[in-house]
Amino acid sequence: MAKAYDHLFKLLLIGDSGVGKTCLIIRFAEDNFNNTYISTIGIDFKIRTVEIEGKRIKLQVWDTAGQERFKTITTAYYRGAMGIILVYDITDEKSFENIQNWMKSIKENASAGVERLLLGNKCDMEAKRKVLKEQADKLAREHGIRFFETSAKSSMNVDEAFNSLARDILLKSGGRRSGNHSKPSSTDLKPSDKKNTNKCSLG
């Protein structure tokens, strides 16, 4: 029996508590949004399979499950990760400033050359914005990584961000190269048109 996928990529989301990591994972994996915050014990992950460059990619997306509050994210969490998404909240300047600390954590714990992506979440809360898009764009350029602003609430750019990272990993690992991979990947999965009224203030 043929495998249901061609590649398995382990992705991590890291960032300060409350920036919306869990909400982003649930939006990506289940196309759902819930503003009720339930802190999980230990490590949790969700799975979604996408098609990129004609390959079926199984994405195993890991959540820190609140560990960052206790500074207990260990090397074991980073082990085997092929891509890491650094998340901050555009309405929380401190969460953006701490991205540099998370970059340091990656350098100390993750495999050399792991693909990274910077993600500014809660862009549906423009009126409360504290971090300018230009600031994050500059930081991403300094580190040579991609940058997206997303909203787990509205689903804006969520698929695009995850698929872009998956495509970069695929190309790096010797997958089929497209004519232009500078754009975020397109997949067979369409963004949600659902409107939600809740805010993802935690996660």
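The backbone N, Cα and C atoms fix where each Cβ goes, and this holds for glycine too.
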Between 31-45, 106-120, 151-165, which stretch does Swiss-Prot give the note motif 'Switch 1'?
31-45
Given ranges 63-80, 171-188, the stretch to which Swiss-Prot attaches the annotation motif 'Switch 2':
63-80
